[in-house]
Amino acid sequence: MTASAPATPPHRRRSRAHHAARRQAGPGSFGPAQLAAALPDALRKLDPRVLLSSPVIFVVWTGSVLTTVFSFADPGDWFGWTISAWLWLTVVFANLAEAVAEGRGKAQADTLRQARTDTVARKADGSVVPGTELRVGDLVVCEAGDVIPGDGDVAEGVASVDESAITGESAPVIRESGGDRSAVTGGTRVLSDRIVVRITTRPGETFIDRMIGLVEGAARQKTPNEIALNILLASLTIVFLLACATLAPFAAYAGTRLTLVVLVALLVCLIPTTIGALLSAIGIAGMDRLVRRNVLAMSGRAVEAAGDVSTLLLDKTGTITLGNRRAAGFVPVPGGTEAEVAEAALLSSLADETPEGRSIVSLAEDAYGLGDRYRERPEGARWIAFSAQTRMSGVDLAGRRVRKGAADAVTAWVGRLGGQVCEELREPVERIATAGGTPLLVAVEDEHGARVLGVIHLKDVVKPGMSERFAELRRMGIRTIMITGDNRMTAEAIAREAGVDDFLAEATPEDKMTLIKQEQAAGKLVAMTGDGTNDAPALAQADVGVAMNSGTSAAKEAGNMVDLDSDPTKLIEVVEIGKQLLITRGALTTFSVANDVAKYFAIIPALFAAVHPGLEKLNVMRLASPDSAILSAVVFNALVIVALVPLALRGVAYRPAGADRMLRRNLAVYGLGGLVAPFAGIKLIDLLLSLFPGL
Ligand SMILES: Nc1ncnc2c1ncn2[C@@H]1O[C@H](COP(=O)(O)OP(=O)(O)OP(=O)(O)O)[C@@H](O)[C@H]1O
Ligand SMILES: [K+]
Ligand SMILES: [Mg+2]
C-alpha cells in the first residue's frame with residue numbers, strides 16, 4: 001500500500017536539462033523585439049499617478065510637462081521642442097526598463113493560467129461542485145487521471161502526482177497523508193491510486209494564483225532597501241533642484257541666458273535618473289531569476305536578505321535525506337523474539353498515518369506474516385498519534401499499552417511507569433544510530449509491568465551530492481547547521497556523511513525556533529530550509545525561509561520562499577541571486593551618481609565659457625555651443641538608461657569572493673566608468689549634432 005519515492009538520479013538529470021532550457025529562454029534574450037513589445041506598457045506608465053512611486057522620474061515627468069508648455073508659448077524655438085522631446089523620451093525609457101522586466105514574466109503567467117482550468121470537485125460526501133465553490137476544510141476525492149481541484153493536504157491515502165504544470169518537472173512525485181510530503185497543489189494531476197484531500201486555501205488565493213501574481217510582478221512591493229535608496233535619491237534630487245535654482249541668479253549676474261528649458265534640462269542631467277529608472281527593473285529581474293530556478297519568493301525582502309545570509313539551518317529528514325524513512329528490521333531484547341517486537345510495533349502503528357508508521361505495518365505484515373491477525377483493528381483501542389513534541393506514538397488497549405518512539409522518549413515513558421530499560425539494548429541502538437539509521441524503541445505496559453521489547457530499525461538515505469554543495473556554501477562564508485528531532489548519534493552520522501558544519505539533535509519545534517533567535521540576536525541573517533509541519537515555526541522566524549514544495553501546507557505557508565524542486569542546496573543559488581541583486585543595485589547606483597556629478601563639470605564650463613573667457617581653460621571638452629552642450633547632455637542622459645537595461649536585467653556577474661574585494665572592484669569599475677562616461681559620451685553626441693547645420 002505504500003509507494004516508495006522514485007530514485008533521484010534519473011529525474012534529477014532531466015530536471016537539470018529542463019532548467020537549462022528555461023534559463024536560456026530567459027535572461028540571455030534581450031533585444032529590440034522585447035523593447036518594442038514593452039513599448040505599449042511603457043506608454044501606459046506615463047500616468048503621473050504611476051510615476052509617483054519613483055520620485056526622480058516623477059521630477060523628469062514634471063520637467064517634460066513644463067518645457068512642453070513653454071515650447072507652445074514660443075513655437076519657433078526648435079531648441080525647446082528638441083529638449084522637451086528628449087525629456088519625454090527619458091521618462092519613456094525609464095518606463096521601458098520596468099515594462100521589459102515585467103514582460104518577461106507574462107509568458108510564464110499565461111502557461112500557469114492554463115493549469116488553472118476550472119475543474120469540478122468530487123467531495124467526499126458524494127456531491128459534485130465546481131472547483132471555484134470549494135471551502136477551506138472540504139474533503140475532496142481524487143483518483144487516477146483527476147486534476148486536483150484546489151490546494152490542500154492529503155488526508156488519506158498515497159498517490160503519485162504529476163506536478164509538471166507548476167514545476168515543469170515531468171517525473172511523478174509521491175504525495176501521502178500523515179508525513180512531510182502531504183501537500184498537493186491545485187491544477188496538478190493524480191497519476192495513480194486514490195487520495196482524499198483536505199482543502200486548505202480558498203479559490204482565487206491558491207498557490208497557482210499567487211505564482212501568477214508573482215511572475216507578473218503584480219504582487220511586488222518595495223523592499224525596505226529599495227525604499228531607503230528611493231529616499232536617498234529623492235534627497236539628491238532636492239539638492240540638485242536647489243543647486244539649479246541658485247544657478248539662475250548667478251547666471252543672470254554673469255550675463256548668460258538661462259531659460260527655464262535650460263534649467264530643467266540641467267536639472268534632469270544632474271539628478272540620479274539612471275538608477276531611478278532602473279531600480280524597479282533590477283528588483284523584478286531578481287525575482288524573475290529566482291522563478292527561472294524554480295524558486296518562488298513571496299517577498300522581495302527575503303531575496304535581499306538571502307544576499308547577506310550567514311547561517312543556514314536545514315532539517316534532516318526529507319531535506320538532507322530522501323525522507324522516506326522505512327522500517328528495515330526488528331531487534332529483540334535478549335530472551336525475546338523478533339516476532340514479539342514485530343507484533344507490538346505493528347499494534348502501535350495500525351493507526352499511525354506517518355510514512356514511518358506505514359512502513360512498519362507493511363514490514364510486520366510481509367516479513368513476519370502478521371497480515372491476517374490485525375485485519376480488523378482491535379475494539380475499544382485508544383490510538384496515540386505521533387507528535388514532534390512527544391516523539392512517540394502507540395495505542396492503549398484493554399489491559400495493555402504499547403508505545404514506539406525515539407529512544408529517550410520511550411525510556412522516559414517506561415521509567416515513569418516504574419519499569420527499566422534493558423542495558424543490552426544499548427548496543428543495537430548505537431549500531432543503528434551510528435550507521436545513520438533511526439532506532440525506535442518499542443515498549444509495552446501490561447500485568448507484568450512496563451518494559452522495552454526491542455528496537456525498530458528505520459533507514460534513510462542521504463541525498464546524493466550533498467557534501468560538495470555544503471562545501472560550496474562554506475566557501476561563500478555560510479555556516480550550515482542540521483537540526484533534527486532524531487537522536488544524537490544518528491544526527492552525528494548523517495551530519496558527517498552530508499558534510500554540514502554543525503548539528504542540533506533531539507530538537508523540538510521550539511528548539512529550532514530558539515536556535516534561530518539566538519543566531520539572529522548575534523546579528524546574523526538566518527536562512528532555514530525545511531518541509532515538515534514541525535519546521536513551520538522556524539521557517540516563519542527565519543529571515544529566509546525556504547519550504548520544500550514536497551512538504552506540508554503549513555511549511556509552505558510559513559516560509560517566504562518555496563522551492564518547486566525541493567532541493568535543499570538550492571539555497572546556494574538563492575544566495576547568489578540575492579548577492580547579485582544587491583551588487584547590481586549598488587553598482588548602478590555608484591555609476592549613476594558618479595555620472596551625474598561628472599556631468600556637472602562637463603556642462604557648466606561649456607555654458608559659461610562664452611561670457612567668462614576665464615572659464616575657457618576648464619572647457620576641456622570644447623563643445624560646439626552652450627545649446628549643443630545642454631542637448632548632448634540630455635540625449636546622453638536618456639540613452640544611458642537604455643544602454644544599461646540589459647545589465648539591470650541580467651545582473652552584474654557574481655563570483656564567490658570576499659565582500660570587500662567585490663566592493664573595491666565594483667567601485668573601481670562603476671565609479672570610474674561613471675566619471676569618465678559622460679565626458680566621452682557627451683563629446684561624441686556633440687560631434688554628431690555639429691554635423692547638422694545651424695547648431
Ligand atoms: N511515527 C512515529 N512514531 C513514533 N516515533 C516516531 C515516529 N516518527 C518519528 N518518530 C521519532 O520521533 C523523532 C522526531 O521526529 P520528527 O519528525 O520530529 O523529526 P525528524 O523527522 O527525525 O527530523 P527532522 O526535524 O529533520 O524532520 C524521530 O527521530 C523518531 O525517533
Ligand atoms: K541624470
Ligand atoms: Mg520531520
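Placed from the backbone N, Cα and C atoms, the Cβ positions cover glycine too.
Straight from TrEMBL, the features:
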type     : residues                                                                               : note
REGION   : 1-29                                                                                   : region 'Disordered'
COMPBIAS : 10-22                                                                                  : compositional bias 'Basic residues'
TRANSMEM : 50-72                                                                                  : transmembrane segment
TRANSMEM : 78-97                                                                                  : transmembrane segment
DOMAIN   : 119-216                                                                                : domain 'P-type ATPase A'
TRANSMEM : 227-252                                                                                : transmembrane segment
TRANSMEM : 258-284                                                                                : transmembrane segment
ACT_SITE : Asp315                                                                                 : active site, 4-aspartylphosphate intermediate
BINDING  : Asp352, Glu356, Phe386, Ser387, Ala388, Gln389, Thr390, Arg391, Met392, Ser393, Lys404 : ATP binding site
BINDING  : Asp531, Asp535                                                                         : Mg(2+) binding site
TRANSMEM : 597-615                                                                                : transmembrane segment
TRANSMEM : 630-649                                                                                : transmembrane segment
TRANSMEM : 669-692                                                                                : transmembrane segment
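The transmembrane segment (50-72) shares more Cβ pairs under 8 Å with 258-284 than with any other stretch in the list 227-252, 258-284, 630-649. Under the criterion of 3 or more C-beta pairs below 8 Å, with sequence separation of 6 or more, the transmembrane segment (258-284) and the transmembrane segment (669-692) do not qualify as touching, having fewer than 3 such pairs. When secondary structure is read from DSSP and collapsed to three states, Asp535 (Mg(2+) binding site) falls in the helix class. Computed over the domain 'P-type ATPase A' (119-216), the whole-number mean pLDDT of the model equals 88. When the stretches 78-97, 227-252, 669-692 are ranked by Cβ pairs under 8 Å to the transmembrane segment (630-649), first place goes to 78-97. Restricting the recorded positions Asp315, Asp531, Asp535 to those with a CA within 10 Å of the CA of Asp352 (ATP binding site) leaves an empty set.
Here the CA atom of Met392 (ATP binding site) lies 18 Å from the CA atom of Asp535 (Mg(2+) binding site). Within the chain carrying the transmembrane segment (227-252), a Cβ under 8 angstroms from the stretch's Cβ atoms is held by residues 54-56, 59, 258, 263, 266-267, 270-272, 275-276, 279, 585, 589, 593, 596, 607-608, all 6 or more beyond its ends.
Put simply, the residue listed as 'active site, 4-aspartylphosphate intermediate' is 22 Å from Lys404 (ATP binding site) when counted between their Cα atoms. Ligand 1 lies within reach of Phe386, Lys404 from the binding-site residues Phe386, Thr390, Lys404, Asp531, judged by a C-beta closer than 6 angstroms to any of its atoms. Sequence-distant neighbours of Asp531 (Mg(2+) binding site) (same chain, 6+ residues apart, CB-CB distance under 8 A): Asp180, Arg181, Asp315, Gly318, Thr319, Gly323, Ala547, Met548, Ser550, Gly551, Thr552, Ala555, Ser566.
Around Met392 (ATP binding site), taking its Cβ as the centre, 21 other Cβ atoms fall within 10 Å, counting all chains. Residue density at Thr390 (ATP binding site): 17 other Cβ atoms are found within 10 A of its Cβ, drawing on all protein chains shown.
Ranking the recorded positions Asp315, Phe386, Asp535 by how many other Cβ atoms lie within 10 angstroms of each Cβ puts Phe386 at the bottom. Look at Asp352 (ATP binding site): DSSP puts it in coil. There are 31 other CB atoms within 10 A of the CB of Lys404 (ATP binding site), with all protein chains counted.
The number of other Cβ atoms within 10 Å of the Cβ belonging to Ala388 (ATP binding site), over all protein chains shown, comes to 15.
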